[in-house]
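> One structure, as C-alpha cells, below. Some questions next.
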C-alpha cells in the first residue's frame, strides 16, 4: 500500500518544517554565541554556526557536506519509493527522521554555507545542536530498536 510511503514523507515534511522554523526563530531572536536559559538546568538556547559535520567534525567542509546531504536525501527518496511499503514501523520512522535531518541540515549548508545550531545541553559538555541533528539520532535509535526486535 502506498499509505506507508505517504506517512513517511508527511512525517519527514513536518519534522523538516519544525527544524527550519526553529532555526529561523533562532536567527531572528538570539544574539550569536550568547547562551540564554530556556529550560533551567537542562537546556539553553545559543545561536552558533557549524561549518562542519556532527559535533563540528570536518570543519570548513560545508560544501562537500552539502553534496553528501543532497545525495543522502535523493537516495532516501528513491529507497522510500521502492521499499517503503515493506518496512516495519521502526524502519519507516527511521526513514522519516533521517530524511528530515539530512534535508534540514542540507538546506542550511546550501543557503548559508553552514548549519544553524541553537540547542545547548546544560548539565553536560556537549556540542550545540538542532532539531535535524535530533532527528538523525532518532533514526539511528529506531534502527537499533528494529535490529533488537528482529533478534
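Backbone N, Cα and C atoms are what each Cβ position is placed from, and that goes for glycine too.
Swiss-Prot feature annotations, pasted as is:
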| type | residues | note |
| --- | --- | --- |
| ACT_SITE | 117 | active site |
| ACT_SITE | 133 | active site |
| TRANSMEM | 61-81 | transmembrane segment |
| TRANSMEM | 88-107 | transmembrane segment |
| TRANSMEM | 128-148 | transmembrane segment |
> Counting across all protein chains present, how many other Cβ atoms fall within 10 Å of the Cβ of residue 133 (active site)?
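Other Cβ atoms found within 10 Å: 21.
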> Which residues of the same chain, at least 6 positions away in sequence, have a Cβ lying under 8 Å from the Cβ of residue 117 (active site)?
46, 47, 48, 49, 50, 127, 128, 129, 130, 133
> On the three-state reduction of DSSP, what should I expect for residue 133 (active site)?
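Helix, per DSSP.
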